[in-house]
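Take a look at the structure set out below.
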């Protein structure tokens with residue numbers, strides 16, 4: 001995603017020269033100038049065949065680079081794209097070791113832990129989450145406690161923002177706690193994490209001892225668990241670290257040569273490995289942002305693909321992006337389009353991180369596992385969208401793939417239906433008048449193809465587990481459990497004064 005500076009061959013007379021152009025040297029000469037040139041010719045007969053400066057400028061020799069033969073053939077370039085070399089920063093501590101003997105305790109550090117107390121206000125917790133850059137905060141009873149009683153991440157923040165905006169209708173058994181939140185908001189009492197940590201769908205807190213092997217982690221993560229809390233063998237109440245799917249995939253990629261059973265999978269295509277899911281959730285770019293937030297909260301997913309009218313992927317919205325919505329001044333964004341919010345995300349990345357590139361969150365069925373994992377690690381994404389680069393409605397060139405043969409993941413030829421989301425009451429006119437960014441104007445609109453599936457970290461680790469002879473749990477069953485354990489049902493019906501009270505000033 002980086003651009004190399006182009007080398008150019010510049011003429012020394014291209015700027016700052018007092019020489020006349022070829023046209024002015026012939027058409028605008030004065031008679032005296034003609035005489036002088038004739039006199040010079042008569043005194044220098046040996047120079048009559050020498051090229052003039054004008055002739056020299058007309059016939060500037062081409063750059064030697066233009067005649068240079070490519071050092072790599074197209075096939076070699078394609079092979080390099082499909083099978084990117086693993087990073088050279090493999091940890092020498094794991095070279096030559098049987099990966100079944102490597103413990104997860106070797107891969108975590110207490111320095112990575114970020115704790116908050118259960119009575120910490122949600123505003124303070126949100127600031128810590130954003131300022132530290134941690135993907136998750138561990139919740140403990142008090143600073144003296146070494147055990148975790150829960151977690152707080154961007155999915156929880158998303159659930160709270162929906163509640164604060166009055167866009168979540170709680171289940172019957174949660175009405176009392178919902179009213180308590182309203183009372184605290186009206187009285188200006190800080191709302192502690194204790195009251196909001198379980199608002200959204202989340203998996204049970206899973207722990208593993210530090211002595212557990214990497215294979216145990218592969219089997220656990222391959223069954224749909226996204227992160228585990230690593231605890232001491234001597235005291236299972238003492239937290240030593242936190243280990244995630246992403247960290248494990250990154251570790252296996254960087255040290256793949258030490259694990260032949262996994263390394264042999266990388267050159268194979270997603271289609272041949274039968275990896276990925278056809279059950280993909282997307283949202284049209286012209287839908288309100290609040291619809292995307294509700295879908296992620298209801299489905300328990302960390303990101304959602306944004307598509308255009310032809311189902312080409314034009315962008316990606318994740319729960320991490322809700323950090324851009326934590327002030328009341330961000331309220332209009334909820335009613336603006338998903339496409340507009342993507343432009344806000346890109347603008348924020350450029351201002352804060354100095355990045356003007358567009359991260360590519362998609363692959364295609366012919367992409368190799370190596371190409372896919374390298375992209376996952378580079379974008380730090382939990383999911384990549386699988387697109388059909390050869391569809392008639394594609395808006396740009398295909399993502400490089402191992403084969404030019406189109407092997408779709410889906411069998412139906414009709415476009416998949418857009419997620420059904422109740423729009424509820426009409427948005428205020430102020431929101432409707434906000435400028436809208438067309439999907440075709442986004443960088444992603446020129447890169448992708450038609451959305452046909454999704455491949456996640458769970459899919460990759462489930463494949464690794466099965467290739468290693470393990471029997472991981474069915475990820476689909478894990479997703480079903482999260483849905484059944486949902487603490488709220490999504491609705492866009494506003495909750496009157498409660499939403500306005502919670503939305504006064506800063507949301508959190």
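Note that the numbers count up from 1, one per residue, in the order the chain is shown.
Placed from the backbone N, Cα and C atoms, the Cβ positions cover glycine too.
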Between the ranges 389-422, 423-456, Swiss-Prot assigns region 'Disordered' to 389-422
The correct DSSP tally for the domain 'CBS 3' (276-333) reads 24 helix, 18 strand, 16 coil
Secondary structure of the domain 'CBS 2' (199-258) by DSSP, residue by residue, totals 22 helix, 15 strand, 23 coil
